[in-house]
2 protein chains.
Amino acid sequence: MYRSHNCGELRIADVGKEVTLSGWVQRIKNRGVLNWVVVRDRYGTTQLVFDEERSASDLLEQSKTLGREFVIQAEGKVIERESKTKSMATGDIEILVTKLTVLNAAETPPFTIEDETDGGDDIRMKYRYLDIRRNPVKNSLIFRHKVAMEVRKYLSNQDFIEVETPYLIKSTPEGARDFVVPSRMNEGQFYALPQSPQTFKQLLMVGGMDKYFQIVKCFRDEDLRADRQPEFTQIDCEMAFVEQEDILNTFEGLTRHLLKEVNGVEVDKFPRVLYDDAMRLYGNDKPDIRFGMEFGELNKVAQHKEFNVFNKAELVVGIAVPGANTFTRKEIDKLIDWVRRPQVGALGMVYVRCNEDGTFKSSVDKFYDQDDLAKWAEKTGAKAGDLICVLSGKKDKTRAQLSALRMELAERLGLRKPDEFAPLWVIDFPLLEWDEESERYHAMHHPFTSPKPGQLALLATNPGDVKANAYDLVLNGNEIGGGSIRIHDKETQALMFDYLGFTPEEAKAQFGFLMDAFQYGAPPHGGLAFGLDRLVAILGGQETIRDFIAFPKNNSGRDVMIDAPATIDNEQLKELNLKLDL
Amino acid sequence: MYRSHNCGELRIADVGKEVTLSGWVQRIKNRGVLNWVVVRDRYGTTQLVFDEERSASDLLEQSKTLGREFVIQAEGKVIERESKTKSMATGDIEILVTKLTVLNAAETPPFTIEDETDGGDDIRMKYRYLDIRRNPVKNSLIFRHKVAMEVRKYLSNQDFIEVETPYLIKSTPEGARDFVVPSRMNEGQFYALPQSPQTFKQLLMVGGMDKYFQIVKCFRDEDLRADRQPEFTQIDCEMAFVEQEDILNTFEGLTRHLLKEVNGVEVDKFPRVLYDDAMRLYGNDKPDIRFGMEFGELNKVAQHKEFNVFNKAELVVGIAVPGANTFTRKEIDKLIDWVRRPQVGALGMVYVRCNEDGTFKSSVDKFYDQDDLAKWAEKTGAKAGDLICVLSGKKDKTRAQLSALRMELAERLGLRKPDEFAPLWVIDFPLLEWDEESERYHAMHHPFTSPKPGQLALLATNPGDVKANAYDLVLNGNEIGGGSIRIHDKETQALMFDYLGFTPEEAKAQFGFLMDAFQYGAPPHGGLAFGLDRLVAILGGQETIRDFIAFPKNNSGRDVMIDAPATIDNEQLKELNLKLDL
């Protein structure tokens, strides 16, 4: 038996007990005649004490041979600590050690195992197993487990069945790039790793499983943007005999449950925002609504003067930045530089100071009088003390630019509070989106998404106007889930593939099994998938997902700890009937 | 709203309620003036009634247009059924329908959706989504979910943390063949899909996670034997600061919990059988102990006469088959043919009838008298009415042959009862096993398994005698789990790789990250993995795993439903820097 207790559980009530603890050496305070050693495990830390008076003399000497991160076992008696500390949960007691065993010595770790470490990102990735010892990472992984368990319990209690779908499936040209797996037994053929279990969950609905979920790894071979991983985890869900309303209620229930159980936060019914409204009010289909700063469109009140920049713009739009009237001229100039960065891409920014005395001072005073600016303030909801920032240009671009500025300012002003949660549904997404490059429409969600009832005919005349039974769940400016009511009859699905440019042969080759399945009694169905990595990060109050993944890959898709991917034997290649072609 | 109730929940107390049901047409009984339609969903079946007297006339006609597996929605009133039936949970009531909607028509399915279907294996695999509608498959998947949930709840309550380990890892030459995944971003390099998360779970122990588990897909590119799948699911577990005893107790607790919660069965403390004893008593390291028929070694009582077959044999060994004295001569001859089949490979079989009057009649009466045979009966535990079957030859082969015979006879005699559960631990496995082909020792479990304390030195002199801290959990003749206490120091691990024929360079290239990790304070640790597919099948009282997997592959590793694997575009190959070499 290596331990009688863990390192986080002993309290003043345990004084007098003989205990055995095992763990890692966190700290050593050597005072010559006294030596304190703090031992750590997953559950906490406990102070061990060795002293000249009360310990056998060789034991005190032995304790001095310990180093950081040594794995030790200590037997001894729980005693009350003289100088109690609130900084440790066990801070009322310490262990007067009677026997000390070194279970494994340790080299000095390449970075300190402390909450605030001295290790950079790269070294911590290489020695991830050491990074996991640090509380911020360890607690993130435990938090992730807790979230996943609560998801499973909630859905299971609601009659959802977790069904495992296959990982070795078939490559489809639609969507992102697949990872493929050469088959040795089927020469010249490849499996693909799933980008999502989409078709399988639909087949489970055809199969009568009624309510399905799965927490499942998915794979996309895309060039990695920051904070994206080639393998990621989804909470994948599907329900039969449901309308959009049923799905929104079910997963609003799940999200509310998580916020309550995991964060102790109660939230009201989630607002539902039309996609068009989200774009108009926030320039974004995943708005952060923890703070206001809604867009005010100014065309009507800004295009009647001689200011040509605005007059020729498709959209003039502004936001009121609360309390930002105090920004210095220099700060505002920097803000203008910021919106001009290529990543944002605005040509410039007009601003209006809303003075405390009710007057306005703008960068375009040459063109606009106080009455004009008062109207701008009204449209953007600006109050005395605010700063109005105005951008103009092509509608979509300008909205995106102002959205970026809105998020940046909210961040700087501390309005994006990690412990505040503002979920909402964005609904009525367009069915199709125009792709400039291929000059055709693509499915905005995926080709299985159903159009709004009665809008099928519009596809022929105004495809861009057709709305879908598609919805996203947005939390604090992040899309944490998205889904749709699916097409469930063969004819509509064939029509959709046709609109998306598939020939009947291509559609049959790729999705024949799904269309076949639709002939044998497919129920109305729909679903949604959450991105677990992001969901957990946001619930954990973090912006980045990396600490919530035990062994993440870097931006080149490499696992630098195990050094993967790697070359393989020629023999392995030969067995797979492959040759490198570099 | 598609339904107010599901098809399995209405009872006599619901009579009078207006309800809406949705589901599939299971059966139609058309009596002209009366039409009954049974509608089915995941939760059960309910009878709908349409009749000339009580239904609108067009509704009766409409109901006659339905076909099997049509997806329908029916509104109506719950009424008491005249001829109640116990064969349906809802058999006390039926629905007098007032409105019928066909949600989706259906082609006649290629096989009947009934518990006993007329569909063969191949057609059911191709239309797996229809097969899943059948109770035996549907209930197996629901059962699997229930088992997995109980595993998660139990381990989670015991402070285990489920941690997701990566799927895109690194290929290792040790063990079975890996599936590999070409990396586009890292030219000429490949990921491998994990055969198990072995090294990652050990790194999590080095990382202080203390108690880890994961229900996780694993992959092996092996030629498929019957009832093996290229992708399979493990309950993977690891604990730090434990000895073998701690692990056995923990997972005995889990198994006991499952048997209780899922099967309603209470079992005693699991027997622990030494590997050597399992081989001696059952000829098998995964004995089925639901029935006796333990081996009796007969060398001492059968090698003193003129019967040379026995005299020159390394082992003479028999089993007492209960009640089998009644076997006819013809039946016994068939049994002898059975052991002579190439799959078993015995040269012949000696038998002894234990007559009810206490006398014996054997096939070797020429050589052995009643006193001799009485001793055989004593050694094999045979009673009056039993049949003793005796095989002889080389020790290992003969044991395997008699084990096969023992299982076959138990099966024929109905002794392998699917609702009886007899778990046991097999412990003290050998560390190494001799491989005839490569003429060297291989790790029997895996190269991370620790030898028994104090036996390390034996490696140099008698490697085959070294026992490992390795154990299997056996249930009803199947290995459902196995694991070991691991090596946790770099020196021992290096020594082990050396004994297994790795050069230091190979060991470093393949497992350098693990040996590095051992330098930085690795705790003593060990673990175990259950095969979930098999565990679920056995708990479900089945011999084959296929019905417990939603979308299984066939024996060529193909998914015949989606037709995977498949060829991929040349463009895809080019992006991966690969060429086919057929």
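Placed from the backbone N, Cα and C atoms, the Cβ positions cover glycine too.
Nobody curates TrEMBL annotations by hand; they come from automatic prediction.
The feature domain 'Aminoacyl-transfer RNA synthetases class-II family profile' is assigned by TrEMBL to A:144-552. In this model, the domain 'Aminoacyl-transfer RNA synthetases class-II family profile' (A:144-552) carries an average pLDDT of 95.
The Cβ of A:H445 (L-aspartate binding site) lies under 8 Å from the Cβ of A:F429, A:L431, A:A468, A:A470, A:G482, A:G483, A:S484, each of which sits 6+ residues away along the same chain. The L-aspartate binding site feature in TrEMBL is assigned to A:E174, A:R220, A:H445, A:R486.
Per TrEMBL, the feature region 'Aspartate' maps to A:198-201. Within the same chain, residues 165-166, 169, 212, 214, 236-238, 446, 448, 511, 513-514, 527 sit at least 6 positions outside the region 'Aspartate' (A:198-201) and bring their C-beta atoms closer than 8 Å to a C-beta of that stretch.
Under the heading ATP binding site, TrEMBL lists A:R220, A:D221, A:E222, A:Q229, A:E479, A:G531, A:L532, A:D533, A:R534. A:R220 (L-aspartate binding site) falls within neither a helix nor a strand when secondary structure is assigned with DSSP, and so counts as coil.
Reduced to three states, the DSSP call for A:R534 (ATP binding site) is helix. The number of other Cβ atoms within 10 Å of the Cβ belonging to A:R486 (L-aspartate binding site), over all protein chains shown, comes to 26. Rounded to the nearest whole angstrom, the C-alpha distance between A:L532 (ATP binding site) and A:R486 (L-aspartate binding site) is 22. Neighbour counts were taken as the number of other C-beta atoms within 10 angstroms of each residue's C-beta; across the binding-site residues A:R220, A:R534, the minimum falls on A:R220. Within 10 Å of the C-beta atom of A:L532 (ATP binding site) sit 27 other C-beta atoms, taking all shown protein chains into account. Residue counts for the region 'Aspartate' (A:198-201) by DSSP state, with H, G and I taken as helix and E and B as strand, are 4 helix, 0 strand, 0 coil. The maximum pairwise C-alpha distance among A:R220, A:D221, A:E222, A:Q229, A:E479, A:G531, A:L532, A:D533, A:R534, the residues recorded as binding ATP, is 21 Å. Sequence-distant neighbours of A:E479 (ATP binding site) (same chain, 6+ residues apart, CB-CB distance under 8 A): A:D285, A:K286, A:D472, A:L473, A:G531, A:R534. A:E222 (ATP binding site) and A:R486 (L-aspartate binding site) are 26 Å apart (CA-CA, integer value). When Cβ atoms from all protein chains are considered, those within 10 Å of A:E222 (ATP binding site) total 14, not counting its own.
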